[in-house]
Structure formats: structure tokens, C-alpha cells
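In TrEMBL this protein carries:
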- HIS298, HIS303, GLU343: Fe cation binding site (BINDING)
- 49-125: domain 'ACT' (DOMAIN)
- 119-453: domain 'Biopterin-dependent aromatic amino acid hydroxylase family profile' (DOMAIN)
Amino acid sequence: MTKWAFTQESLCSNTSVSLQGATGLSVSLFIFQETMYIEENTYKNDMISLIFLLKEKVGALAKVLRIFEEKSINLTHIESRPSRVNKDEYEFFINLDRRNTPLLTDIIKTLRNEMGVTVHELSRKKKKDAVPWFPRTIQELDRFANQILSYGAELDADHPGFKDPVYRARRKEFADMAYNYRHGQPIPKVTYTEEEKKTWGTVFRELKTLYPTHACYEHNHVFPLLEKYCGYQEDNIPQLEDVSKFLQTCTGFRLRPVAGLLSSRDFLAGLAFRVFHSTQYIRHGSKPMYTPEPDVCHELLGHVPLFADISFAQFSQEIGLASLGAPDEYIEKLATVYWFTVEFGLCKEGDTIKAYGAGLLSSFGELQYCLSDKPEIQSLNLEKTAVQKYPVTEFQPEKVRRFASSIPRPFSIRYDPYTQRIEVLDNAKQLKNLAESISSEMGTLCSALKKIE
Ligand SMILES: [Fe+2]
């Protein structure tokens, strides 16, 4: 007997939040093949599973069941529960034999068009249509902690700290801290050693000499605020928690510590929630001007200032939102877009070129080089970006938006900042809610425009 997944085990799995979400039910449908929302054998046993929503009314279910009966379709399983999406509705989960597939299209049409019933097909779609799992709530980012590609303490043989057992042990401490971190907790404060502070001091001092001439306006605008409010000083490594709180007041972006390398898909998904996965350890003291991987200097000096800028935050989130549920090849393209903008982007200020990419702003050598006459600079072209270097660009969110709309995805999504959830827009009620919310915003906009006329 197939059962609806309400067991404790499934509540801990990626399926549960879909069930609990304000709009969760519908997305679960798309990700069924990936997440086993319903027991795996539902699919294997050649069953078709459907969910439909009915208003709480006497005889409503009987009316629907009659349609199946008229086509001589035997339902092998039926289950109900109050809808978590709409308070006055019930959700019904049914199973029927796959041999009934030819009749099903008509039945679903009748239910939808003639009876106005919301129907979701769970398992009729072919495997190839399955949408990769993606987090629906900000809490679900916790899952990524267990999915890192390499643990922070594992260093390559050519890493400056490879032969330093003290450094390696320290790296493990940081990795463990991040691994155990959960959304909502304060980011653990770190007591950095004198040697670590010295390394930071060198990087900080050197880069600061270049910022006025090389960094973009936004970076230079925010940097003094970070010095004032977040402990950005030559002799002090700022705490991620303080910086995260500061960013939240500016743009809603927040930091969360990461134990190692994340996949592009997971990393980009964080951006959809305005969450930036940040390292907390510092590079090896023997080579303060070099790091083979992102470290706290890279995050704090390169990334953080820009995440305090409203347009840049929006731009970064758009890349993240575009990535949710996107096929692998599009994730790769988005990661490349991210690389050539957020990491290595240059922009024009009047006739002058300035750096806004974190990889440039956190590396003395790169920052000097990128504004010299040596690199070949090209404009951002999302179709060709994979083969380009150092694009000149403003943040250009409209380009990312256009690119995002070309990603094959069987639904539209939006981020609800109030609930910190991803909403999948696939039913009339949600669209109506969205229209109402936009209409209210438009009212505010029109009224404000009139007042400044
Ligand atoms: Fe980075």
C-alpha cells in the first residue's frame, strides 16, 4: 500500500518542506521523481499518482469520484488531509493503474475545466522531465552542509599550508564549525591568532591603497561603513556574524559559514535566498598575498562590500533564482555568468574602468593587472561568456533576466521575502495573490510619484 509521506523520516528529507510550504504541494509534484515524495514503489509498480484539491463541501469528493467511475477506472488508493495551502480546501491523493493513462487526459481536463478542480500529476511525467531538487525555504539550505564536495581541511599538495600541521588542524576547526552550523543560529565568533591577524593586516593594508583608484563606486562607498560598524581594521579580522547583521540591514543579504567547496548548483541556490556561503578561515601566513581558494580575506574584502549595494544584491539574487530547478547545462552557464561578473566583473564609470568582481577586489596582483593595459576586455554577452575573459559590464540584471527566461523550467518562481520561501507560481490563486501584492506596490509608487511631482 502506498502511503503519503508523513513519516518522521520523510519529514527530515527534502520532501517534507515541500509539503509544509505555503505553496509547497505543487512543487513536490515536479520533483517527485527526485525526492520520493511518495514511496518509490509508486512509480515502480506502474501506478499513476494524482493530487487534487477540493473545497470543503458535502458531496464534492463523490462528484469527482463519479467521473472516474464513469470511465470504469478503479482507484487503488485514496487518502485525504486538510490543505496546508488553502485553509478551506482538502487535498486528495489517489493512485490508479498506469494502464488507465489514455483515459486520464480527458478526466483531468474535465476536472480542471468543468469542475474547476486543481489537479497535480505526480508520476505520469517521464523521468527526463523531472526537475532537479531545489530548496524551497531558507532553512533547507542546511542540507548543503552535508553535500560539500571537499572538506575544508583537505589541502592539495601544492597548498602553502600543506606541510603545516598546525594550519591543517586549524582548518579542520573551521570546517567543523561550519559543518555544524544551522540556519538561524548566530555564526560562531572566532578568536583569531596573532599570526592570522598579521596575515589579514598585510592583505588589508595593501589592498586599501588600491581601492580609491581601482574599486568601483559601490565598493568605495560601503567600505568606510564596514570600517565604522563591522570592525574592518588592519589589526582586526571582522566577525562573520557582525558583517552578516550589517548586510541584512542594507540589502537583506546574509552570510552563512561553509565547510568546504559547494557544487555550483548549491552555491547559486543560496543566492536565491540572499544567502552568501562564506569561508571563515584565513590563507596560510607564509604567502599573505596568495591563496589558491576563497578565504575570509576574499569574502570580506571582495564580496561583502558589494552585497551591501541594493542593485548588486538584486543582480546576485537573480542569478540564484534562475538556477533553481534549472537543468545541469544551464547551471554551468549561470556559474560562468557568476564567474565573469560577481567574481571578475569590471564596470565603466564614465570613461574609466573599475573593478567590482570579488576575485579582483581581494587580490592585489589581480586588481593591479585588471586595470592595466594588459588584459583583453570584452562586453558581457551571456551566450558567449563561457569563452570570454574580463567582461566590461554594469550589473545588467535585465540580461540575466532574459537569460533566465530561456532556461527550460515547467514553472515560474519568485522569492517571498516575508516568509523566506520560494513560491512556485503554478496556480490561479497564487497568481491572484501576486497581482494583488503588485497592485498594492503600484499604488504606493503612483502615490509617491505624485507627491514628488
Ligand atoms: Fe568568491
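Every residue gets a Cβ built from N, Cα and C, even glycine.
Where the annotation comes from TrEMBL, it is an automatic prediction and has not been curated.
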Does GLU343 (Fe cation binding site) have same-chain partners at least 6 apart in sequence with Cβ under 8 Å from its own Cβ, and which are they? GLY357, ALA358, GLY359
Cβ-centroid neighbours of Fe cation site HIS298, HIS303, GLU343, 8 Å, sequence order: PRO294, GLU299, GLY302, VAL342, GLY357, ALA358, GLY359, LEU361, SER362
In sequence order, which same-chain residues at least six apart have a C-beta under 8 angstroms from HIS298 (Fe cation binding site)? THR279, THR291, ALA358, GLY359, SER362, SER363
Give, as a single whole number between 0 and 100, the mean pLDDT over the domain 'ACT' (49-125). 81
For the domain 'ACT' (49-125), give the DSSP counts of helix residues, strand residues and coil residues. 28 helix, 28 strand, 21 coil
